[in-house]
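Colleague: In case it's useful when we look at the structure, here is the feature table from TrEMBL:
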- 12-247: domain 'MH2' (DOMAIN)
- CYS175, CYS180, HIS257, HIS262: Zn(2+) binding site (BINDING)
- 312-339: region 'Disordered' (REGION)
- 329-339: compositional bias 'Polar residues' (COMPBIAS)
Amino acid sequence: MHPVTYQEPKYWCSVVYYELNNRVGEAFNALQPSIIIDGFTDPSNNADRFCLGLLSNVNRNSTIENTRRHIGKGEKFVVPTDQLQLYYLPSFPPYSRSYSGNRLGSKTFKPRKHIPDDDRQHEILQDAVATLDSGDLRLAVRLPEGEDLHEWIAFNTVEFFNQINMLYGTLLEFCTEESCPVMSAGPKYEYHWADGQLVKKPVKCSAPHYVNCLMVWIQRQLENEAIFPSKIGAPFPRDFISVVKVILKRLFRVYAHVYHAHFADVRELQEEAHLNTSFKHFIFFVLEFDLVQKRELVPLQQLIDILTANEQSTTSDGRSPVSDRHQPPQENKSSVEFA
């Protein structure tokens with residue numbers, strides 16, 4: 001037997017970035033067990049920071065690359081022992097930190113604070129991830145055995161809020177005062193804003209203004225401990241479900257506007273699968289717990305029928321086989337919804 005000379009590897013690990021299953025740029029070689037992955041906040045690519053903004057991808061147009069360049073610091077990977085730990089650093093979803101997103105105000109798009117490991121909702125998160133990974137969204141929305149109904153609804157409401165933040169955040173350059181002067185879901189459905197507090201009388205406004213007001217309003221509800229208690233065992237208010245219904249009703253309107261006004265933009269950004277999966281998850285959830293009235297869903301009823309008819313009716317990448325011919329339902333009357 002001959003002794004084998006052991007030599008420590010030069011790098012602790014290497015990180016490679018992929019978009020659309022295509023490798024982008026060179027590998028980032030980390031020198032220590034702590035890495036921050038961000039967009040373009042530190043172009044030096046130092047020992048503990050991997051910047052996606054430096055990478056060029058021929059499969060992305062200049063608009064998408066520019067958006068990625070302005071994403072702020074995002075995730076931090078740390079391996080203190082034998083387990084990988086992931087921390088989400090900013091107080092905003094990634095896309096809301098883009099240059100164009102800043103025009104909506106720093107508090108417009110802001111996910112709820114992280115769930116501590118010892119929080120009851122951490123267990124809910126594990127249940128949700130396990131079922132979502134299985135691909136069965138009908139199963140994913142059901143109340144897990146032993147879980148509290150209000151906690152489950154609260155957790156999912158926050159998740160949908162964050163999902164729609166990020167989805168809409170990618171469309172900010174397309175959804176403008178000029179392109180969308182009225183918040184609508186096609187020519188037959190128009191939404192006016194009122195929150196009952198700052199704006200008591202419904203006002204007609206542009207889509208970006210409506211979404212801006214909506215996200216600020218929802219954020220206030222989520223941060224209100226009297227409505228969404230974060231402490232384990234804290235009671236939910238009697239009107240909790242009523243508040244959630246209003247939140248989800250209004251979030252549906254953002255989906256409806258995106259599908260009717262920006263579906264071509266979504267396809268250009270190659271986010272169709274993400275949008276369809278997010279919306280299908282949302283629809284299964286609100287139908288499971290009867291959280292949005294059927295009449296509110298009419299602007300996307302045909303799409304809902306398609307997405308919920310059969311789990312196997314979508315392709316492997318999440319695309320709907322008939323999404324190219326999605327049209328709003330044919331009705332003879334127009335509708336204006338307030339708030």
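Glycine is no exception: its Cβ is also placed from the backbone N, Cα and C atoms.
How buried are the listed features, and what sits near them?
Modeller: All protein chains considered, the CB of HIS262 (Zn(2+) binding site) has 22 other CB atoms within 10 Å.
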Colleague: Using a 10 Å cut-off, grab the number of neighbouring Cβ atoms around the Cβ of HIS257 (Zn(2+) binding site), all chains included.
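Modeller: There are 26 such Cβ atoms around HIS257 (Zn(2+) binding site).
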Colleague: Does DSSP put HIS257 (Zn(2+) binding site) in a helix, in a strand, or in coil?
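Modeller: SS state of HIS257 (Zn(2+) binding site) = helix.
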Colleague: Taking the center of the Cβ atoms of CYS175, CYS180, HIS257, HIS262 at the recorded Zn(2+) site, which other residues in this chain have a Cβ no more than 8 Å from that point?
Modeller: LEU171, PHE174, SER179, ALA207, PRO208, VAL258, ALA261
Colleague: Note down the number of other Cβ atoms within 10 Å of the Cβ of CYS175 (Zn(2+) binding site), including every protein chain shown.
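Modeller: Its Cβ has 20 other Cβ atoms within 10 Å.
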Colleague: What average pLDDT does the predicted model assign to the domain 'MH2' (12-247)?
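Modeller: Across the domain 'MH2' (12-247), the average pLDDT comes out at 70.
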Colleague: Which residues in the same chain, at least 6 apart in sequence, have a Cβ under 8 Å from the Cβ of CYS180 (Zn(2+) binding site)?
Modeller: SER206, ALA207, PRO208, HIS257, ALA261
